[in-house]
Amino acid sequence: MVQHITLHDMTLRDGMHPKRHQISLEQMKDIARGLDAAGVPLIEVTHGDGLGGASVNYGFPAHSDEEYLRAVLGELKQARVSALLLPGIGTVDHLRMAHEIGVHTIRVATHCTEADVSEQHIGMARKLGMDTVGFLMMAHMAPVQTLVQQALLMESYGANCLYITDSAGHMLPHDVTEKLGAVRQALRPETELGFHGHHNLAMGVANSLAAIACGASRIDAAAAGLGAGAGNTPMEVLVAVCERMGIETGVDVYRIADVAEDLVVPIMDHPIRIDRDALTLGYAGVYSSFLLFAKRAEAKYRIPAREILVELGRQRLVGGQEDMIEDTAITLARERGLLVP
């Protein structure tokens, strides 16, 4: 088992989803200062869907990516900043902007079977000298050998770290062990391995520990779990558990707990918890950021969000297909006579 890990904070990026991308600059700066003082080494900052995510499909943020990034970068004493980029949403120009203003790490994210679309962005990030991460989303949807092949593609493009991402919070510890173990064995020894979890089945901490046992040295978490669905792995809990297990994180357990309680919980629009809809995300294997879209469709078409999410899982929809959520709700409403054709 790895004895020292890098914790990567998601509060100011994945946490944008439950906030409908409306975190203010002052809130960003306050939380970033708290994370920095607690010893968190890497903080991700962008629209919830990454650089360039501002759109009708994904939602318009209170401020631009550049404004958020500049605000946070100006507050940090030791932590570095990362940005997420999904090819097809974010562009090479977004990547250059992030590099020019001081972003250290770029994470290029694709669906777990579509690593080939990341070549241009990973190659450019490496050319710019950035810490470059390949980020394979919805990893529960691909068999082990497919994940291995996709990870090796990203590594061949220049990624120096590969993430296996449980975007739906669907994986259990044995799934993590099987998939990350195989990927770790296939990658070059110098290529780092990371894990990003969601807490929809309350497996965030357990899955992170399983990942660490497989050799993952980078683990994503969020203060108070602020993130899509039932949230990300709660950082304050993970730090406490790691400390008890002798795994070094460099993060102060009391300070990160204070950030969660005093800075993050007060800005929540609703409690980040495993309600019936978030549970359905994990159980049915649905992309966590679909949750609020399904709740909005429920209010509009009188179809329970849970039933919409189950149907999305049956259709195996993936990130980027947010426009299909309303279509699915309309179809279900028509089938039940709730809409007149």
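Placed from the backbone N, Cα and C atoms, the Cβ positions cover glycine too.
Annotated active site, proton acceptor per Swiss-Prot: HIS17, in sequence order, evidence recorded as sequence analysis. The substrate binding site annotation in Swiss-Prot covers ARG13, ASP14, SER167, HIS196, TYR287. The feature Mn(2+) binding site is assigned by Swiss-Prot to ASP14, HIS196, HIS198. Per Swiss-Prot, domain 'Pyruvate carboxyltransferase' is recorded for 5-257, and the stated evidence type is sequence analysis. The site 'Transition state stabilizer' annotation in Swiss-Prot covers ARG13, and the record cites sequence analysis as its basis.
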- Task: List which of the binding-site residues SER167, HIS196, HIS198, TYR287 have their Cα within 10 Å of the Cα of the residue listed as 'active site, proton acceptor', in sequence order.
- Result: none
- Between HIS198 (Mn(2+) binding site) and ASP14 (substrate binding site): CA-CA distance (Å): 10
- Which of ARG13, HIS17, HIS196, the listed recorded positions, has fewest other Cβ atoms within 10 Å: HIS17
- So for SER167 (substrate binding site), how many other CB atoms are inside 10 Å of its CB? 31
- Tell me the Cβ neighbour count for ASP14 (substrate binding site), meaning other Cβ atoms within 10 Å of its Cβ, over all protein chains shown. 28
- Task: Can you grab the distance from ARG13 (substrate binding site) over to HIS198 (Mn(2+) binding site)? Cα atoms, rounded to a whole Å.
- Result: 14
- Query: Around HIS198 (Mn(2+) binding site), how many other CB atoms lie within 10 A of its CB?
  - Reply: 33
- Any same-chain residues 6+ apart from TYR287 (substrate binding site) with CB under 8 Å of its CB? Would you list them in sequence order, or say none? MET137, MET138, SER167, ALA168, LEU281, LEU317, VAL318, GLY319
- Query: For Mn(2+), what surrounds ASP14, HIS196, HIS198 with a Cβ no more than 8 Å from their Cβ centroid?
  - Reply: MET10, THR165, ASP166, SER167, GLY169, GLY197, ASP220, ALA222, GLY227, ALA228, ASN232, THR233, SER288
- Give the helix, strand or coil assignment DSSP yields for SER167 (substrate binding site). coil
- Query: If you run the three-state DSSP split on HIS196 (substrate binding site), which class comes out?
  - Reply: strand
